[in-house]
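Undergrad: Reproduced below are the annotations present in Swiss-Prot:
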- C494: active site, nucleophile (ACT_SITE)
- A367, A368, A369, P370, G371, G372, K373, E391, D418, D437: S-adenosyl-L-methionine binding site (BINDING)
- 1-12: compositional bias 'Basic residues' (COMPBIAS)
- 14-37: compositional bias 'Polar residues' (COMPBIAS)
- 58-103: compositional bias 'Acidic residues' (COMPBIAS)
- 111-151: compositional bias 'Acidic residues' (COMPBIAS)
- 588-599: compositional bias 'Acidic residues' (COMPBIAS)
- 610-648: compositional bias 'Basic and acidic residues' (COMPBIAS)
- 649-658: compositional bias 'Basic residues' (COMPBIAS)
- 659-682: compositional bias 'Basic and acidic residues' (COMPBIAS)
- 1-155: region 'Disordered' (REGION)
- 567-682: region 'Disordered' (REGION)
- 38-45: motif 'Nuclear localization signal 1' (MOTIF)
- 616-623: motif 'Nuclear localization signal 2' (MOTIF)
- 635-642: motif 'Nuclear localization signal 3' (MOTIF)
- 655-662: motif 'Nuclear localization signal 4' (MOTIF)
Amino acid sequence: MPALTRNKKKAATKSITPPTKQLTKSKTPPMKPQTSMLKKGAKSQNKPPLKKQKKEVVEEEPLEDYEVTDDSDEDDEVSDGSDEDDISPAVESEEIDESDDGENGSNQLFSDDEEENDEETLGDDFLEGSGDEDEEGSLDADSDADSDDDDIVAKSDAIDRDLAMQKKDAAAELEDFIKQDDVHDEEPEHDAFRLPTEEELEEEARGPPDLPLLKTRIEEIVRALKNFKAFRPKDTTRKACVEQLKADLGSYYGYNSFLIGTLVEMFPPGELMELIEAFEKQRPTSIRTNTLKTRRRDLADVLLNRGVNLDPLSKWSKVGLVIYDSQVPIGATPEYLAGYYMLQGASSFLPVMALAPRENERIVDVAAAPGGKTTYIAALMKNTGLIYANEMKVPRLKSLTANLHRMGVTNTIVCNYDGRELPKVLGQNTVDRVLLDAPCSGTGIISKDESVKITKTMDEIKKFAHLQKQLLLAAIDMVDANSKTGGYIVYSTCSIMVTENEAVIDYALKKRDVKLVTCGLDFGRKGFTRFREHRFQPSLDKTRRFYPHVHNMDGFFVAKLKKMSNVKQSSEEGDDDAVETVEQAEVSSDDDDEAEAIEETEKPSVPVRQPKERKEKKNKEKLAKSKEDKRGKKDKKSKSENVEEPSKPRKQKKKRREWKNEIAQAREEKRIAMREKAKEEK
């Protein structure tokens, strides 16, 4: 008999079990052991696990005809065994045992007669089939577990192999890269970049400047100068690259040769490009809160409500605000007109912060207009003490007085004097602190005034330096070294030129008894202690420089001096000599020899004493005349002396003239030799 599937076996059991249940209920009373056994048999009605169901479904075969015949035979069997006497406890126990042995959960109940008569009974086939399926299921489960373990091991091995391959590839790539670098260092590629020839430069000069070409050439030259050994153009020197860089920067950005040459000497190529690019951009607008009338937080809230986008300036300032954009004119708001804030660059805060004024002090602002620094000093002093706000130019006095009134400053006296005359007006050794924001070339604020690129020359820089030295000496003379709270001078400029900054401070250190002290600013670069052929005092590293590409503010210089005594190191004659040396410095380098010759000719010589000698001779002549009547012989001798004495200065004059001519000839020969050497070097 072919094997039955699970579903068909269930159908067979359904057709057989109902009559048996009815018989047991109607004819025989329920017994406790039987009911318990039936309950155990009922547990076998649970469905087998899904895994086994799927496997059994796969093994199914179509047996529709067999089902029909089986159902009829089984119905006959049930009808034959419908009597209560035929059903015994032994039979029921056997049926329950058969149901317990099979894990497929069949509920069929068969008698012993049916098992003997039918060779191919449903129970035997079902039980045999169920046992085989259990064994197959357990084997399949074990095989699945083993296969999963094998898959995990295989995957882990594959991952390990991939990692090993990646490490090998990375090591090989690194070795190749190192080899390429070594080859590049040994044999640089000269064909990558070359300087233009004279013919190419002439062709470029004929037409308008080719800005893209200039830009790329500037970038290539800067790249080569950063690492000249590796990126050196073929058959070129570093000097040639620097000269070409100066020319290209001047034509591309619009600088004159003097200014761009000075910047090239001050900064390395990479930083030079950052500085020049920063000069092409505007610095952010900043304002200073007037603490005499309001607080920064309150002012910020009011301006935010008016549509002003702002932030605190920085950690180093407690009163500054940065304005990004505004829906209203920032210089015409009601708060501005009421004096709650001052439009002021961030770099202008620094000199006042370095000065650190205290209450009830006497302070001088030598160049006060338009009043940003003066009003800041008054706010820090809380309108106590006394401030002398001096401005030499009359037109600028209007803006100074207007800002003082608007900001509510009441402790300031406005005066109009030349700063060099202030020690005579205010007196020497009479004030506690002096702020000198000296007039300068403005090379640190090119972003505000682009005319500086082409208007400033070496002669103008030297004139500014001469004026700055005189103003600084006057400022030092006004300060009282014995002041209990002060005795400080702050010197600042909006220039980045060494001639206007470190050179001026070095000059003051030599002429007055002062020393440099720290500015009290936590940021900023140290000043130069050496530049070109100049060597300054080591203490100049206490000065501070500020650049737009580093600190995002205008170029600025700040130095703070402490006066040690009220005694001058040099007399007035020394000051005059100092002025003469400055005037000589204004002479060009080609005329240095001529300047030396002029100095020597202008020096006081022996003929200056001639008037005194003549007076003495006249007195002698008078005495001789008075004695002529008494002594005639002596008169003759006196006459002979008078005749001989005038001959001496004449001989001396001849000697001096010859001496001057010889010196002039020697200097001309030196000039000619130096010019010939310069031509040969070129």
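Each Cβ is built from the backbone N, Cα and C atoms, and glycine gets one as well.
If you look at the structure here, what lies around each of the features I listed?
TA: The secondary structure of C494 (active site, nucleophile), as reduced to three states from DSSP, is coil rather than helix or strand.
According to its DSSP assignment, D418 (S-adenosyl-L-methionine binding site) is coil.
Here the motif 'Nuclear localization signal 4' (655-662) has a mean pLDDT of 72 out of 100.
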Undergrad: Round to the nearest Å and give the CA-to-CA distance linking D418 (S-adenosyl-L-methionine binding site) with C494 (active site, nucleophile).
TA: 20
Undergrad: Largest pairwise Cα distance, Å, within the listed S-adenosyl-L-methionine binders A367, A368, A369, P370, G371, G372, K373, E391, D418, D437?
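TA: Largest Cα to Cα distance for the S-adenosyl-L-methionine-binding set is 20 Å.
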Undergrad: Do you know the DSSP helix, strand and coil residue counts for the compositional bias 'Basic and acidic residues' (659-682)?
TA: 23 helix, 0 strand, 1 coil
Undergrad: Which residue among the recorded positions A367, A369, C494 has the fewest other Cβ atoms within 10 Å of its Cβ, if you could check?
TA: A367
Undergrad: What whole-number Å value do you get for the CA-CA distance of C494 (active site, nucleophile) and G371 (S-adenosyl-L-methionine binding site)?
TA: 16
Undergrad: Just jot down the residues in the same chain as G371 (S-adenosyl-L-methionine binding site), at least 6 apart in sequence, with C-beta under 8 A of its C-beta; none if empty.
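TA: Same-chain residues close to G371 (S-adenosyl-L-methionine binding site) (Cβ under 8 Å, separated by 6 or more) are A389, S399, L400, A402, N403, L404, M407.
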Undergrad: Run through the Cβ atoms and count how many others sit within 10 Å of the one on K373 (S-adenosyl-L-methionine binding site).
TA: 25
